[in-house]
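Undergrad: Sending over a structure as structure tokens; questions will come in a sec.
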Amino acid sequence: MADYEPLRDVEEQLQTNRRATRVASLDVFRGLCVFLMMLVDYGGSVFPVISHSPWDGIHLADFVMPFFLFIAGLSPALAYKKVPNRAEATWKAVLRAVKLFLLGVLLQGGYLHGVNSLTYGVDIEKIRWMGVLQRISIGYIVAALCEIWLTCRTWRQGGFFKSYFWHWCIAFSLSAVYMLLLYGLYVPNWQFTAPALASSLSPSNDSNVYMVRCAVRGDLGPACNSAGMIDRYILGVDHLYMKPTYRNLKECKISDGQECSPPWCDAPFDPEGILSSLTAAVTCIFGLQYGHILADLQDHRGRLTKWSLLSISSFILGLLLAFTGIPVNKSLYTVSYMLITSASAGITFCALYLLVDVYGYRRLTSVLEWMGMHSLSIFVLITSNLAIIAIQGFYWTAPENNIVHWIISRLVHA
């Protein structure tokens with residue numbers, strides 16, 4: 001038995017080293033993403049300034065999705081650093097992405113009806129196919145396949161960009177295809193059916209079919225952009241998000257008895273649609289490069305220097321594109337928006353890495369770290385409204401006097 005004791009000591013030492021070298025800022029960053037999601041979801045109705053921007057522009061809520069995508073892209077660089085069997089690794093990555101996609105359909109497809117109704121079930125003809133987890137799954141599989149198949153590990157001595165040259169080619173290609181389709185596709189007039197609309201145009205017939213007149217190319221407005229057209233053709237208009245944020249635009253709130261809002265204000269539009277998933281995947285590739293720096297470099301200074309250079313250069317490029325006419329738009333996930341938010345995610349991660357892993361202030365972020373370690377479980381509880389429904393079960397005298405209603409009423413009257 002004594003012969004096995006040294007092996008046990010070695011194994012314990014290895015486990016200790018793994019725990020000691022764990023990058024805690026990764027979990028803290030995931031926890032921050034979950035916290036921001038909760039903040040903007042429940043606080044956005046009370047404080048509109050932190051809610052999603054109606055169309056062009058950027059608010060606090062518009063950083064949440066890119067932050068999730070950034071950290072989802074960073075993970076494959078660590079998980080697939082050494083891949084003995086590419087086919088097996090690919091199968092595992094695809095299986096994980098499919099599970100995440102199906103979970104997203106369950107949570108956001110319409111199966112769960114929300115806090116005001118305890119019923120459930122969704123009409124298959126109106127199920128929403130895209131959503132937050134679906135977009136993350138798409139970005140994750142793109143980053144994972146890049147890491148598994150397109151990493152030239154023998155070039156590591158040749159420099160950072162040479163080793164991951166094909167990753168940058170994929171990112172550039174996805175952005176180029178996105179720009180080509182966004183600005184190059186012709187968008188014809190289109191129509192949709194709605195039960196009741198206050199529109200400046202009359203229905204085409206008695207079945208409440210409303211016409212949206214476009215016949216343009218390269219329009220980036222809510223009504224006539226090619227991203228919405230692609231989703232309507234491929235997914236179907238009934239499978240899109242029914243409450244898009246552009247309904248908060250001024251022109252969609254006109255109702256003085258004489259002038260009504262245009263019909264597209266009540267049309268569905270999916271902010272996690274097909275075309276915008278291309279640039280969303282580029283955010284994951286951006287996070288993947290952060291993961292490469294984390295895996296390849298061991299010193300704090302080297303990591304922070306490369307991360308900062310990558311983030312600052314991307315941020316400047318995003319600003320230049322915004323000033324040259326490419327709007328910062330979350331719903332379309334424009335290239336300028338992608339660069340600015342990806343860079344912001346990188347800068348935020350740098351700050352957390354410096355605070356947690358370099359200076360060791362883990363107590364300050366212990367709650368976020370715990371949330372990051374259980375991020376998917378918390379996401380499911382929040383998105384499905386199970387947590388809110390459970391809290392609403394406790395009330396005083398009458399069901400209307402539950403704690404959630406009490407908090408909201410105090411915030412509204414504050």
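Here the Cβ of each residue, glycine as well, is placed from N, Cα and C on the backbone.
Pulled the feature table from TrEMBL, pasting it below:
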type: DOMAIN; residues: 22-146; note: domain 'Heparan-alpha-glucosaminide N-acetyltransferase catalytic'
type: TRANSMEM; residues: 28-51; note: transmembrane segment
type: TRANSMEM; residues: 63-81; note: transmembrane segment
type: TRANSMEM; residues: 93-112; note: transmembrane segment
type: TRANSMEM; residues: 132-152; note: transmembrane segment
type: TRANSMEM; residues: 164-186; note: transmembrane segment
type: TRANSMEM; residues: 274-295; note: transmembrane segment
type: TRANSMEM; residues: 307-328; note: transmembrane segment
type: TRANSMEM; residues: 334-356; note: transmembrane segment
type: TRANSMEM; residues: 376-396; note: transmembrane segment
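Neighbours and distances for these, please.
TA: Packing against the transmembrane segment (28-51) from elsewhere in the chain are residues 59-61, 63-64, 67-68, 71, 245, 248, 348-349, 352, 356, 365, 367-373, 375, 378-379, 382, 408, 411-412: each is 6 or more residues past its ends and has a CB under 8 Å from a CB in it.
With a threshold of 8 Å between CB atoms, the same-chain residues lying at least 6 positions outside the transmembrane segment (63-81) that come near it are 26, 29-30, 32-33, 36-37, 40, 89, 93, 132, 135-136, 139-140, 143-144, 146-148, 272, 280, 283-292, 294-295, 330, 338, 341-342, 344-346, 348-349.
If you look at the transmembrane segment (274-295), the same-chain residues 6 or more away from its ends with a CB under 8 A from one of its CBs are 23, 65-66, 69-78, 81, 130, 135, 138-140, 142-143, 146-147, 160, 163-164, 167, 170-171, 174-175, 177-178, 181-182, 226-227, 230-231, 234-235, 302-303, 306-307, 310, 314, 331-335, 337-338, 341-342, 345-346, 349.
Cβ atoms under 8 Å from those of the transmembrane segment (307-328) belong to residues 56-58, 220, 286, 289-290, 293, 334-340, 342-344, 346-347, 349-350, 353 of the same chain, restricted to positions at least 6 beyond its ends.
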Undergrad: For the transmembrane segment (164-186), could you work out the same-chain residues 6 or more beyond its ends whose Cβ comes under 8 Å from its Cβ atoms?
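TA: Cβ under 8 Å, 6 or more out: 142, 146-147, 150-152, 155, 215-218, 220, 225-227, 229-230, 275-276, 278-279, 281-282, 285-286, 288-289, 292, 332, 334-335, 338.
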Undergrad: Work out, from DSSP, the number of helix, strand and coil residues along the domain 'Heparan-alpha-glucosaminide N-acetyltransferase catalytic' (22-146).
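TA: Per-class counts: 84 helix, 3 strand, 38 coil.
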